[in-house]
């Protein structure tokens, strides 16, 4: 067994997703840790952004029993004229018990986020050990930004390695270098998001500049040349769906052999969760024209001199 301290470390998990084949090699279990330093306008997991557990209201499941109102000690829930409910998010966000959700018999009120120990998380992950062994898969830490919570992410990676579970991480890169450096020896694979090369445009889209992100990526590629890094970009309409971005990223990645690249087309999955959290989806009804992500992929690959499967 690993250290007692590592096994008992705790953090807030909002989902454990099994049988994933898109977030690292093989069949994987993804552990989603809550909390992120970025505020991406297109985020498909808005419940991942705040670090604390949150209550969400799904009016489609509400049966109008009002047990949630009776259970709430903060008078945070009111009934609208159409029978739906409104939540005072200022009161909900400081609530420690979320009694409204526990009282709901229909899952109209649900909780995003649950405190779990490393032992509890890995007990769930290990259930699919046979699939990992046969496919070369393992556990992927995601978020949010998993390394924002080093007090749970690092013990989880160490203990997974101790239990011979292959590990990967999805990161936005906006974390202290020392944290990423400490995590790297316990990782088999890194999925590293680069959303924009221009810092001001980056700030407009996600709330912070990109200097730390690009610095961390360069250090990771340089100091850990045997660690495979897959850079990924969600291609967002009006944000990074242009050739200028693609050429700049290709130049940045030129010369590194331990890095792959994937351009991911924009999608609208997860927009309903904004309603559940009483938030507006900032992207509206925009869509990405067919072929744009493929064009970005081609430009990045050609600029950095990568050999794609099509060229072979």
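Each Cβ is built from the backbone N, Cα and C atoms, and glycine gets one as well.
If you look up Swiss-Prot, you'll see 36, 40, 43 marked as [4Fe-4S] cluster 1 binding site, on the strength of sequence analysis. Swiss-Prot lists 42, 43, 44, 144, 193, 194, 195, 267 with the feature S-adenosyl-L-methionine binding site, giving similarity to another entry as the kind of evidence. The [4Fe-4S] cluster 2 binding site annotation in Swiss-Prot covers 62, 65, 68, 104. Marked as [4Fe-4S] cluster 3 binding site by Swiss-Prot: 72, 92, 95, 100. Look at Swiss-Prot and you will find 22-309 tagged as domain 'Radical SAM core', backed by sequence analysis. The domain '4Fe-4S ferredoxin-type 1' feature in Swiss-Prot is assigned to 53-82; the stated evidence is sequence analysis. Per Swiss-Prot, domain '4Fe-4S ferredoxin-type 2' is recorded for 83-115, and the stated evidence type is sequence analysis.
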### Task
Quick one: give me the count of other CB atoms within 10 A of the CB of residue 72 ([4Fe-4S] cluster 3 binding site).
23
### Summary
For residue 42 (S-adenosyl-L-methionine binding site), the spatially nearest of the binding-site residues 62, 92, 104, using Cα atoms, is 92
### Task
Starting from the Cβ of residue 193 (S-adenosyl-L-methionine binding site), draw a 10 Å sphere and report how many other Cβ atoms land inside it.
21
### Task
Could you tally the C-beta atoms, other than its own, that fall within 10 angstroms of the C-beta of residue 104 ([4Fe-4S] cluster 2 binding site)?
22
### Task
Would you please pick out, from the binding-site residues 195, 267, the one with the fewest other Cβ atoms within 10 Å of its Cβ?
267
### Query
Could you state the CA-to-CA distance between residue 267 (S-adenosyl-L-methionine binding site) and residue 62 ([4Fe-4S] cluster 2 binding site) to the nearest Å?
28
### Query
Counting all other Cβ atoms within 10 Å across every protein chain shown, which of the binding-site residues 92, 100 scores highest?
100
#### Entry: Diameter of the S-adenosyl-L-methionine binding set by C-alpha atoms, the set being 42, 43, 44, 144, 193, 194, 195, 267, in angstrom
18
### Query
Which one is it: of the binding-site residues 36, 40, 43, 65, 92, whose Cα lies the shortest distance from the Cα of residue 144 (S-adenosyl-L-methionine binding site)?
36
### Task
Would you count the other CB atoms within 10 A of the CB of residue 40 ([4Fe-4S] cluster 1 binding site), including those on all shown protein chains?
21
## Note on the structure
The rounded CA-CA distance in Å from residue 68 ([4Fe-4S] cluster 2 binding site) to residue 36 ([4Fe-4S] cluster 1 binding site) is 29
### Message
Considering Cα atoms only, can you say which of 40, 65, 193, 195 is the nearest neighbour of residue 100 ([4Fe-4S] cluster 3 binding site) among these binding-site residues?
### Response
65
### Summary
Taking the centre of the Cβ atoms of 62, 65, 68, 104 as the [4Fe-4S] cluster 2 site, the remaining residues of that chain with Cβ inside 8 Å are 63, 64, 66, 67, 85, 100, 103, 105, 106, 108, 109
### Query
Between residue 195 (S-adenosyl-L-methionine binding site) and residue 40 ([4Fe-4S] cluster 1 binding site), what is the CA-CA distance rounded to a whole number of Å?
10
